[in-house]
Structure formats: structure tokens, C-alpha cells
Amino acid sequence: MLSLRFSLFLAFVTAAAAAFIPRLRQNDVQNATSTGDAAGSQCGFEGNSDLYGLGIRLGIYFQWLSAQLCRLLYKEYVVDLDRAYMIFLAAVFIALLVLTGDADSTYDVEVLILMYILICGPFNFISGQLGEYRSIALVNVEFIVVWPATVYSCWFWFVGRESSFLQQPADCGTYGFVFKQVSLRSHSTISFFRAVSVLLAVILAFFHGFWFYLVPLKRWRKDRETNKPVLESIMSWWGPSRMEGRDGGPTDRDDLTKTALSKIYSAFCLVFPILGIELTLKWNSVTGVYTIRSIGQLIPSVTGLAGLVQVIYGILRYKISTGLSVSSSDTPLEALAKTPKEAVEPESKQLSSVQNRELERRGEDITAA
């Protein structure tokens, strides 16, 4: 846990410092922007490696993968990852605000890249579960960090993009990823991002308000089990495995379909932002963000990988400690996919064991008497 938090702290410092480190832009790119000369050699620009360089991106991707593994196999630990990632996102958002104030040296494509991190990334951590692993304070932090990013996205796509940021020459093109390559100058693409931004802002505000204002907080605390099935049915539809065995959980008939959808959803949350970031960088010919030779890139990538290894080790240790026997012939994925014995033991068998122990205790009391 210490090494993981230390890695997130380093990522926090790196992201915050990136906003204050001046960046050198290539003169030919600036001339092409001002004169409209779109020769092939002048397309593209030098990216901000201090904010989204290869090492930092790898560190973020490792965090996302760690969160997905924890959500599926070790959900007690995902809260710590979530809390640390929210701190990191707060630093990235502050850096984005500073870059917005210095928009004369910031390209609109860079904002889109940060939007993938700020808005898409948290869905790898945020769960609809209202169980014992997520506190009210953590949900408040998630809302305070993620919701302003969606509001900023609304401003960016409605107003800020065309008035406040640099753009590449028209002949070079400016591209983004929405399941395929799309032009960011297309009216339909802009309308799509506007609609998604507004929808996310409204949905997040609705669920936060529903949870904390429409449902009385005191009643939630006093009679938690009464309210939990209602809220979980709304917010945890994609995660039936997290409701398994609870009152109001999915039926056997629904379980196969919803569990499959849950896995598809988890894979989408992981793959979509990664593709969005990498393809956007490639299609817009962003340079200077594909090396980890510098210390500033090496540290986040190594610590992110160390955090992932720590998560995998923790999952294996947790499963072994709860009665799981891992064979030496099992691959790491097979070992991780196994379920602890206590989790799969039929309820009837558990009750039978309790009854047997009670009968044995009574027998000992009778013998002693």
C-alpha cells in the first residue's frame, strides 16, 4: 500500500508541476498556425511530456488495470486505489485549468487527451456498489472531482475550443477517437461531444442528489438494509456479481446476461480511453511523448507497474488466506480467477456446519454434566 500511494504521490507532483513548466513549441508549427501553410512537415506539434508523456501514460494505464482487477477479484482494495486516483485527478484538473489560462500555447487536442483521463478514466474505479467498501465521504470526493470535469467539458465543446486554444492548420486536420477516426472540426462530432458532456454532467448531478438529498441521510444510516436494495438496483445494474447473494439481487436467469454485460462494460472502461489517447496522439502527429528515457517518465511507469504487481500479489495472498488452493500448474490468470472456498460454499452446507458444531457443543456439555 505504501509503495502504491508513493507512486500516486509522484504522479500527483508530476501532473501539478507540468502546468508550470514552460513548453517549447517548434517554430515551424507556430508559423504554420499563423500563416495557414499546411505543408506535411509542418503538421503536428510537440506535446507536453510532463503531463501525458509515455511514462505517465503507462503509469495511468497500470492504475486502471489494477482497479479493474480489484473490482472483479478484490473489491476491498479498490477503495484505496480510488481514493489515491481521485487525488491524482484533482491535480490533473488543476493543471488543465492553468493550461486553459495559458491557452496561447495549448492545443485543443491536448484538452481532449486530458478529458479521456479525467472523465473516462474514473469509470475504472467508480462502482455503483453501495456496500461497506465505499463511504459517503469517498462518493463526495468522486463527485467533487469528476463533475467539474464534465462541466469544463461542456464549456470546452460549446465555447472554449474555438475561442481559447490553438488549432492545427485546416489542411492538416484535427482528429479524435469515437470508436473510429473522426474529425474534431466536423459539426456532427462536435455535437456528439456536446451531448455526451451535458448528459454526463446531468446524470452525475442526478445520482449524487438522489443519493444524498432525496433519500434522507439519517434514515439511510439507521435503516441501511431497507434502502440498499433500491439504490443498488439503480446504480449497480451493470455489476450483478457485486450483489450476488443479497436480498434483491439478480435471479439466476438474469445473472448470466448481466454478468456478461458487466464484463463487457469493464473491458470498455479500460480499452476505450487507452485507444482514445493513443490514437489521438498518433493521428495528430504529436511528437516528444513516446520515450521513457527521462527520469520524469521512468519513475511514474515503474511505480505504476510496481503498484500493479502489488495488487496481483495482494489478490493471490487474499485468496490463499481465505482457503483457496492454488496449484503450481495454474497460470497467474487461472489462479486469480479462482474463487475462495467460503464464497462458493452453498448456504445449506454452511448452515449444516453451524448446526453440527452446535450439536457437538451440546454433546460435550451433556458429557461434562
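Note that Cβ sites are derived from N, Cα and C of the backbone, with glycine treated the same way.
Feature annotations, reproduced from TrEMBL:
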type: SIGNAL; residues: 1-18; note: signal peptide
type: TRANSMEM; residues: 86-103; note: transmembrane segment
type: TRANSMEM; residues: 109-126; note: transmembrane segment
type: TRANSMEM; residues: 138-158; note: transmembrane segment
type: TRANSMEM; residues: 192-214; note: transmembrane segment
type: TRANSMEM; residues: 264-283; note: transmembrane segment
type: TRANSMEM; residues: 295-316; note: transmembrane segment
type: REGION; residues: 337-369; note: region 'Disordered'
type: COMPBIAS; residues: 339-348; note: compositional bias 'Basic and acidic residues'
type: COMPBIAS; residues: 357-369; note: compositional bias 'Basic and acidic residues'
Who are the chain neighbours of the transmembrane segment (264-283) in space, where the CB to CB distance is under 8 Å and they lie at least 6 residues beyond its ends?
47, 52, 57, 61, 64-65, 68, 71-72, 109, 112-113, 116-117, 120-121, 123-124, 173, 175-177, 181, 238, 289
Within the same chain, where does the transmembrane segment (109-126) have neighbours whose Cβ lies under 8 angstroms from its own Cβ atoms, ignoring anything closer than 6 residues to its ends? I mean 6 or more beyond.
47-48, 51-52, 60, 63-64, 67-68, 71, 78, 81-82, 85-86, 89, 92-93, 96, 99-100, 142, 145-146, 149-150, 153, 156, 160-161, 165, 168, 174, 176, 184, 200, 266, 269-270, 272-273, 276-277, 280-281, 284, 286
